[in-house]
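The domain 'Peptidase A1' annotation in TrEMBL covers 61-398. According to TrEMBL, the active site annotation covers Asp79, Asp271.
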Amino acid sequence: MIRASPSGVSLAKGLSRPVSWPLLRSKRRQKLCSTPEASPPRGTSSVVFPLSGDVYPNGLYYVTMNIGNPAKPYYLDVDTGSDLTWLQCDAPCKSCSKVPHPLYRPTKQKLVPCSDPICSALCQCDTAQCDYMLQYKNQGSSRGVLVSDAFTFRLTNKSTVRPTLTFGCGYDQQFSNLNAPASTDGVLGLGGGKVSIMSQLKDQGVTRNVVGHCLGRNGGGLLFFGDDLVPYSKVTWAPLSLRHKNYSPGSASLYFGGKSLGVKQTDVVFDSGSTYTYFTSQAYQALVSAVKSDIGDKLKVASDDPSLPLCWKGQKPFKSISDVRKYFKSVALSFVDGKSMLEIPPDNYLVVTEHGNACLGILNGSEVGLMDFSVIGDITLQDLMVVYDNENGQIGWIKTACDRLPNSRSPLL
């Protein structure tokens with residue numbers, strides 16, 4: 001997860017929010033134990049949630065989850081780049097930021113014991129309770145204990161279920177700006193690991209291990225668990241790479257304006273927990289050079305805009321992407337399977353800031369410690385339905401407007 005501050009500046013530039021991106025799952029936290037998972041029984045349904053937030057100026061998309069008995073609402077940052085769901089909580093709290101809702105307060109009966117299989121999957125338990133520690137890319141961290149409690153879901157078949165799910169109770173957060181109010185109460189980890197909410201729902205027969213989102217370009221959107229409403233025949237699919245424990249369709253070649261930029265193929269990871277998209281240093285430099293060359297003197301660099309590293313200004317302030325779209329060409333990633341391509345139009349890599357400038361929302365990954373792979377973040381995922389299909393080992397996407405919720409009888413398209 002690499003979140004931006006509300007002003008749009010990356011955390012890598014020194015501004016901090018309470019939630020940032022952990023290290024890649026193969027490196028970013030304790031090694032997960034491999035545990036076989038049973039397929040859910042026939043008759044499982046799906047859950048659809050409305051999303052709030054946007055890329056700019058808020059820098060994240062979040063969902064409301066109802067947790068506990070009686071159920072209480074909590075805002076969770078939607079993160080397909082990590083597994084563990086966690087809330088800042090009063091256990092008691094040693095170091096927490098100001099969150100939108102009262103801190104979650106667990107009882108002793110909610111603590112997950114060391115003997116629990118999910119605790120074993122974290123491979124770290126030497127006390128009576130199951131402790132966790134997450135280290136983040138901006139040098140922040142979250143320390144806590146695993147607890148279990150009821151989540152309330154309204155399924156698309158109109159029934160209500162309250163599965164007991166395991167998540168983190170974070171009582172000690174260390175971030176560079178911990179005193180700033182947080183936009184969310186915690187993180188919703190939607191990766192494919194054993195501790196993920198999705199794996200737990202599958203194990204309990206609630207939904208299949210398929211998760212997807214549709215991030216609205218103008219804010220909002222939807223999140224779904226299960227595959228009841230997925231239009232499989234319309235989606236562009238790519239097999240999940242075995243080289244990554246994250247959601248990766250593998251390596252891709254980079255194009256700008258339909259022409260190859262001639263850079264080394266780079267592995268690509270899809271991560272809804274990152275506000276912006278990050279390319280490897282070589283790919284980023286090649287893209288910036290191509291964009292600048294193509295623009296020429298049609299626009300001037302706006303070096304006084306602090307929102308993002310590279311911005312342009314026109315003769316008068318821009319009001320929306322439609323004002324600047326004509327100056328920029330599409331970027332594309334062609335994956336090595338030879339069958340799938342992700343087109344990135346200007347709308348999916350530019351931000352019009354409060355200063356009236358157009359800024360590049362593709363950043364240099366080496367500046368945040370990403371050396372050998374690229375991350376596709378929220379800005380590029382806008383108005384795409386993205387499906388992470390852990391049942392069939394594939395990831396898919398399709399263009400669509402993300403401003404409406406489907407009903408139980410119609411697919412998402």
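Heads up, the Cβ atoms here are built off N, Cα and C, so glycines get one too.
TrEMBL: automatically predicted annotations, no manual curation.
Note on Asp271 (active site): other Cβ atoms within 10 Å of its Cβ, all shown chains, come to 26. The distance from the Cα of Asp79 (active site) to the Cα of Asp271 (active site) comes to 7 Å. If you draw a 10 Å sphere around the CB of Asp79 (active site), it holds 27 other CB atoms from the protein chains shown.
When pLDDT is averaged over the domain 'Peptidase A1' (61-398), the result is 93.
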